[in-house]
Structure formats: C-alpha cells, structure tokens
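K.L.:
Here it is, the structure, as structure tokens.
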C-alpha cells in the first residue's frame, strides 16, 4: 500500500474543474515532488489529502484512510506546511511550537527543532513581525513537530535565502531517510532535482507524467520535460 | 516513530485545555481586547457614577454596574471573538489547527473555554471596582444573573461567528466595532426604559436590551428575567444555525 494515493480524483469549484481525474501515489521513505503551473491542481490535491477539501469523486487516501473527517490519531501522523503559513500572528515562535507540541503524545523536541532551523535567532519576535523566510522556517517546524509519517510541504523554500534552502533540503532528505513519505509541491526544478526521488507533473487538473525522477526526465532535463508536457514546449 | 502505547495524539481533554490556555493568554496580552473588554467598561462605570444624567433612581450605581457587566460580556464574547476569528481565518490559522490533532471541534472547544475564562476574569475585576464604588447587588439575583450571563455570552459568541463567518477580516473589524457601539446604545449599558419611546420596543427584542435589562432585573430586584432569556435563546439559536451554514474555515 502506498502512503499517499490519489486515484481518479475530481474536484470542481463552480465552473472551474480544478482536478479532472488525477492519478498518482507517494511511497514511504521517498520524496515525491509535485510540479505544475499555477492552477494545475497541486494545492487542491494536497488540500484533499489533508481533509481540507472534499473531492467530488475519486479516491484520496493517506496511510490507508480517507482524510476527510479523519480522527485525531490520523491527523497526528500527518505533518503539514501550508503556503500561507497559518501561524497565529500574536505568538512568538517558541510559544507556538511548545503549544503545538502539546497536541502530540510523543512530539519532537521544540528547542532542538528551533536550533536546527535557526528559529532561535528571532525567538522573541511575534509572528506578525517576522520576514517571509523566517515565517517559512516556523511553518516548517510546525509541520515537523509531531514527527509525522507523511509530510506535506507546499512550496517550502519560497522566500528563503540560499543557505536556509540548503538546510531545508537536508531536513527533507532526513525525513524521508527516517521512513516518512514526503510530498512536496513546488515550482522549482532545482528543488525537485535536488531532493525528489519521484516526480509528478500536473497540468489543468490532470497528471501528465509520474514516476522515478530518472525515468520521468530520461535523457533530457526535468525543465525540458516539464515545458513539453505542460504545453509550452514549442516556445 | 510510535510510542509504547501506539498513541500519537495527546488525549482530547489535554488538547482542548492547552488550546484554551493558549487562546486565553493571547486574548489577555492583546491590548485592544483589554481596552474594549475592561478599560472602556470601567471608564463607563466611573463616568456614569459621577454624572447626574440620565436619572437612574436613588441607587444609581446599582443600575450602572449590571449594564457595565453586560457591556463587558458583549466586548469579550462578541467583538473580540469576531475580530480574532476573522483574522485567524485570513491568516490560515483555522486551517492549520484544523489539521493538527486538535481539529476543528477542539478549536471550538478551546475558544469557548478561553472566552469563558477571560470573561470571568473581566467580570470579576469590574465587579470589584463596582463594589468599591458602592455597588450592592441583590443576593437573590446572583443565580439568575449567572444564567443571564451564560445565555448572553453564548448568544453573542454565536453572533460573532455569524459576522466572522464569511466577511473579509477588515470588514469584520469594522462591523464588530460598529455593532459594539450600537448594542451599547440599545439597552446594554442603560435600561431600555431610558431610551426614546420609539426605540424601547425594538431594543427589548434585541440581544443587547435583553442582556442589559436581564442583568439589571436580576441584580437590582433579584428577579428571574425569563423574557430576556427567551430573547437571548432565540437570537443565539438562529445565529448558531446560520453560522454553521455560512462559516468558512479558510478564505
């Protein structure tokens, strides 16, 4: 059984068909990068997998369960880093991480995580006053605090400086090495090339190709494959 | 990655209590919340105590303090909650917490407990101030007053969720503050009987008039303000029903 499974997934918002029969899966111990232009359906897929959206039809399964209305036990096994962060604006990072850690029976150590992600440098600043990159680091820490079996990261390194980006990629690889299934939505070919074992390329609500990175790219670069599959190959 | 018992989430009771304490600390540290829920009501109490209008009868302070307590209920249960919830939604906080073991029901439970705790804190402080200014509540009215406060808080939290459920955060900020002023004027702070005759009937059917008059009836006369309870229950019930239909967890 795959840790994450998406089968014939369909989701419409009014007249817009955000997902039009998408199929792919992600395995434990591997990093799966989901690539695609804006509006391809990446975020909607991930929202379905987190139980934030209910699919119109098809199957979205995480750890063998339907995420829609899943139990607290299920939610405890899934970590999530949202694009908008979702951090309470008046809280300091350590207070927030300690609070979120208290939701889990056996969480990661918040101070070790803070040190690792360089959050200590701005520990006394409330979330509202943090820079975009600092906020991203805190958001990543919130995703890791429950020591998840499945980790969803929506553009995790957007707005981060190059050093932090390298640190984050290292952490992502460690999570997979520790047995977690990591799903990473990204616009960055460099990111996908550096960290992903498997690639999923989406466009207009469908999956254009998926599989191990070497197979998807073949002899070409990931970038070339991407543009040819998402309809901009002739430019 | 699993503990000896295999449990990954903290127990439900712990999750809700931790959320309540987190929310309560956030509320008490928030300067605007303190202003609207404690400082402004306290200023109203002192101002009305030393003013001579309107005529509130021989024991002025006994009529003033219940109105001030009613105002504090609306500040904490309605204005603060509506604004905090709207901004939490816009910032994605409701979405994020909904996907942790806390979940949506835990989030609601935590918010309810936090509101109750912070409200109790403000009411106690304002009551002590009132007593220092000579307030002597009717002892027989304590229980009906408590019932009125609980019903009023529930009704205004439901109204807050209705206002915060769909509108943009900035719009919620404006509407919640505007309604605070309107409620204040329509029977919350002063008895509906002091209003112009055209407004009296309307104010008594509004949750503001019901809560204000209900608390005054209880604390001044030791009465059981059943009509007020009915008004609050109806407003609260309808608001809660509508709120659950229109409420969005993310923008």
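Think of each number as a place in line: the chain as shown, counted from 1.
Glycine residues also receive a Cβ, built from the backbone N, Cα and C atoms like all the rest.
I grabbed these lines from TrEMBL:
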{"type": "TRANSMEM", "residues": "B:34-51", "note": "transmembrane segment"}
{"type": "TRANSMEM", "residues": "B:63-87", "note": "transmembrane segment"}
{"type": "DOMAIN", "residues": "B:64-243", "note": "domain 'ABC-2 type transporter transmembrane'"}
{"type": "TRANSMEM", "residues": "B:114-135", "note": "transmembrane segment"}
{"type": "TRANSMEM", "residues": "B:141-164", "note": "transmembrane segment"}
{"type": "TRANSMEM", "residues": "B:171-190", "note": "transmembrane segment"}
{"type": "TRANSMEM", "residues": "B:226-247", "note": "transmembrane segment"}
K.L.:
What stretch, picked from B:34-51, B:63-87, B:114-135, B:171-190, has the most CB pairs under 8 A with the transmembrane segment (B:141-164)?
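P.N.:
Per the Cβ count, the answer is B:63-87.
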K.L.:
Relative to the transmembrane segment (B:171-190), which of B:34-51, B:63-87, B:114-135 accounts for the most Cβ pairs at distances under 8 Å?
P.N.:
B:63-87
K.L.:
Near the transmembrane segment (B:34-51), which same-chain residues lie under 8 Å Cβ to Cβ, leaving out any that are not at least 6 residues past its ends?
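P.N.:
For the transmembrane segment (B:34-51), the sequence-distant neighbours (Cβ-Cβ under 8 Å, at least 6 residues beyond its ends) are 28, 60-61, 64-65, 68-69, 71-72, 75-76, 79-80, 118, 122, 125-126, 129-130, 133, 180, 189-190.
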